[in-house]
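One structure below.
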Amino acid sequence: MRILGLRIGNLQTKRFSSSSRFVPAHEPAQDADCRRLEQFLEDKPHILVLTGAGISTESGIPDYRSEGVGLYARTNHKPIQHGDFVKSEATRKRYWARNYVGWPRFSSIPPNVTHHTLARLEREGRISGIVTQNVDRLHGKAGSKEVVELHGSGFDVICVGRNNERGKGCDYRIDRHEFQRILDQLNPAMEDGSTMMRPDGDVELPQEYVEGFVIPPCPQCGGNLKPEIVFFGDNVPMPRIEKVVRMIIQSDGILVLGSSLTVFSGYRIVLQAKELGLPVAIVNIGATRGDPKADLKISARCGEIMSNLFRRS
């Protein structure tokens, strides 16, 4: 049972909006959990934070795997695969039509208490940086500065074609808001027939809304455009991986927030930290792949824990 706005074990929980429908069932956070996390952080000024979809569910963005409320639990639709997007025009059209309709809502979603708390901890010198598996750019909206978007961002659009003159990948890039204006001009009759937002910002749409959707080609090489998101089946760019490794080496511990660590690109950070002898703390509703490696595991909603860190009255 969810208990909102009550003082439980001296920990003041927050009232959350209806966006909490994407947060799985959980027990209320306890004051002792918050104190244990404070003790973990207190003597480690260079903590690297890894965040997952579980922190953004409290802003109203669904995830894939949460029990009972994630995309896998609510529908049999699967996330888009990189190979399908690159090879299939029908897949690209379906994705961009859904993303176009979902963009105004997705791009306007505000950060929540966890994002704001991490920005505060960065300003206070309590954490050294954030690696996020999320593509929603909510950390930047909250004011965090040192952020690596491990799986890219839905706020930029890139070309996946090749520039024949130079014999290598095309470097065309456009801001997603500007791209939305181009799509507006090409699809003036498009209506919002969506039924459900998905984790990457696109929505469910009937097929009739998709068939006539127009996508512009890359203006530099004529190739196909995609959001700068690492879709399932694609690889995180090596320069990004190398930067994350440097951040791990320079850190004195890892704090995982809202990630099941099912995807290896996130779990690898925990493995690398343990290889270096670094401590790991995890805050997540339910079990994670990294629990056997954790020095501290707290099963709770991230917002309840983070909003009370270093705020004793």
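Cβ coordinates are placed from backbone N, Cα and C, and glycine is handled just like the others.
Just so you know, TrEMBL annotations are computer predictions that nobody has curated.
Database features (TrEMBL):
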- HIS151: active site, proton acceptor (ACT_SITE)
- 52-72, 133-136, 258-260, 284-286, CYS302: NAD(+) binding site (BINDING)
- CYS159, CYS170, CYS218, CYS221: Zn(2+) binding site (BINDING)
- 24-313: domain 'Deacetylase sirtuin-type' (DOMAIN)
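The two recorded residues, ASP136 (NAD(+) binding site) and CYS170 (Zn(2+) binding site), show a Cα separation of 24 Å. Predicted-model confidence for the domain 'Deacetylase sirtuin-type' (24-313) is 88, expressed as mean pLDDT. Using a 10 Å radius centred on the Cβ of SER56 (NAD(+) binding site) and all shown protein chains, the other Cβ atoms total 29. Counting other Cβ atoms within 10 Å of each Cβ, the lowest count among the binding-site residues GLY52, GLY60 belongs to GLY60. Take the Cα of CYS218 (Zn(2+) binding site) and measure to each of the recorded positions SER56, GLY60, HIS151, ASN284: the nearest one is HIS151.
The distance from the Cα of GLY60 (NAD(+) binding site) to the Cα of HIS151 (active site, proton acceptor) comes to 20 Å. Between the alpha carbons (Cα) of GLY52 (NAD(+) binding site) and CYS159 (Zn(2+) binding site) lies a span of roughly 26 Å.
Spatially close to the residue listed as 'active site, proton acceptor' yet at least six residues away along the chain are GLN133, ASN134, VAL135, ILE229, VAL230, VAL236, SER265, judged by Cβ distances under 8 angstroms.
Packing around CYS159 (Zn(2+) binding site) is summarised by its Cβ count: 22 other Cβ atoms lie within 10 angstroms of its Cβ, all protein chains included. A 10 Å cutoff on Cβ-Cβ distances gives CYS221 (Zn(2+) binding site) a total of 18 other Cβ atoms nearby, all chains included. SER56 (NAD(+) binding site) sits 27 Å from CYS159 (Zn(2+) binding site), counting Cα to Cα.
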